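**Q** Dumping the structure here so I can ask a few things about it.
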Amino acid sequence: MTALADVARSTPSGEGERGNRPTLAVDLGAVGANVRHFARITPGEVMAVVKADAFGHGAAGVARTALAHGASRLGVTSLDEALALRFRHIDAPVLSWLNPVDANWGAAVREGIEVAVPSAEHLAALAPGARVHLHLDCGTGRDGAEPAAWPGLCAAAARRPDVSVVGVMGHLSCADAPSERGDASGREIFGWGVRVARAAGLDPVHQHLAATAATLNDPLSHHTMSRIGAGLFGIDPSGPGRLTPTLTLTAPLLGVRTVSAGTGVGYGHTWVAPRTTTLGLVGVGYADGLPRSASNRAQVLVRGRRRPLVGRISMDMSVIDLGTEGAQMGDVVTVFGPGTAGEPTVAEWASWAGTIEHEVMTGLGPRLARRMS
Ligand SMILES: *Cc1c(COP(=O)(O)O)cnc(C)c1O
């Protein structure tokens with residue numbers, strides 16, 4: 001957590017505080033509800049994926065919440081992220097799956113962190129006592145061992161008595177569109193990979209292929225465990241409805257001014273007032289994660305009504321066209337939230353920016369005060 005966030009958290013809390021600075025409210029209750037949903041629909045274990053600081057929500061808080069609501073394991077990309085969880089006294093099983101060949105494998109063993117192994121080079125570099133999940137590329141063309149290298153990797157792992165192979169993992173590339181052929185072929189490659197591992201004499205008790213989308217839409221992909229990231233935070237890549245949103249971003253109006261028709265706003269004057277109107281200023285910009293590409297498209301909620309952001313979103317601030325209805329300095333603007341009071345959602349921000357919710361969430365900056373509830 002950053003020093004700024006610590007300052008924010010050390011001040012007395014209450015509604016007054018919420019109003020006086022840009023604040024990202026993280027609803028851990030919603031995270032819990034989402035975890036319970038996944039625990040209900042999967043026969044196997046739920047691994048809570050808390051990479052990228054739990055998609056900007058705060059890894060430690062999300063990890064504890066997920067473990068309390070039905071997740072039995074945690075997943076992250078780098079070993080550093082896994083070690084940070086241990087530093088916060090979280091001792092649940094953790095898997096780290098994306099590391100350089102010369103990572104600190106000794107620390108992984110000492111801290112009881114399981115690691116994914118995508119290559120013979122990684123396998124050879126492991127410290128004695130390592131607990132590993134062999135990682136097979138099931139069609140991403142990106143990470144994991146290529147199928148051609150898989151039998152050799154399994155055989156090499158079987159020749160290392162000081163290393164325990166506890167799992168086999170894969171990842172699907174087209175799970176958000178379950179009718180696509182990529183998904184079925186990914187499932188086939190994975191099934192083949194598990195059979196090859198067994199034939200090599202390995203006993204991978206954890207077999208996991210599905211992330212959020214496949215877990216929701218493709219029961220054939222479930223195996224013994226699902227790795228859930230986006231879904232913890234209310235993102236359903238296949239469409240809205242089943243999960244609970246987790247974030248609300250609010251910011252106070254720092255300034256209100258009336259301008260005449262023809263007034264240009266922000267860098268480059270990409271918006272010029274077409275009539276006399278009132279403008280409001282909020283202290284959140286692209287450094288805080290508002291995508292600049294949403295300039296002149298995005299909306300916020302002020303006094304219960306949607307208002308457009310106008311002009312370019314700049315690094316530290318954005319401007320709202322408040323029209324002719326009243327608003328005053330200090331009014332709290334809702335940038336996004338669950339949508340239940342009419343405010344925009346993260347999904348709408350993503351569509352205004354031409355991206356996905358994941359990118360908006362993980363882009364939220366350290367300057368925002370985080371408030372957990
Ligand atoms: C990020 C990630 C996940 C989680 O995916 P979601 O779609 O966010 O649930 C699972 N597995 C791997 C390998 C990942 O990198």
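Each residue, glycine too, has its Cβ placed from N, Cα and C.
Curation plays no part in TrEMBL annotations; they are all automatic predictions.
Since this is a predicted model, take the numbers as computed values, not measurements.
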**Q** For the feature region 'Disordered' as recorded in TrEMBL, pick the matching range from 1-22, 221-242.
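**A** Of 1-22, 221-242, TrEMBL gives region 'Disordered' for 1-22.
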**Q** With DSSP helix as H/G/I and strand as E/B, how many residues of the domain 'Alanine racemase C-terminal' (246-373) fall in helix, strand and coil?
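**A** Looking at the domain 'Alanine racemase C-terminal' (246-373) with DSSP, the answer is 23 helix, 48 strand, 57 coil.
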**Q** I'd like to know which of the recorded positions Lys51, Arg142 has the most other Cβ atoms within 10 Å of its Cβ.
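**A** The largest 10 Å Cβ neighbour count belongs to Lys51.
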**Q** Across the domain 'Alanine racemase C-terminal' (246-373), what is the average pLDDT of the model, as a whole number?
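**A** Over the domain 'Alanine racemase C-terminal' (246-373), the predicted model scores a mean pLDDT of 97.
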**Q** Whole-number answer please: how many Å between the C-alpha atoms of Tyr267 (active site, proton acceptor) and Met315 (substrate binding site)?
**A** 11
**Q** I'd like the number of other C-beta atoms within 10 A of the C-beta of Met315 (substrate binding site), please.
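**A** Around the Cβ of Met315 (substrate binding site), 12 other Cβ atoms lie within 10 Å.
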**Q** Measuring Cα to Cα, tell me the gap between Lys51 (active site, proton acceptor) and Met315 (substrate binding site) in whole angstrom.
**A** 25
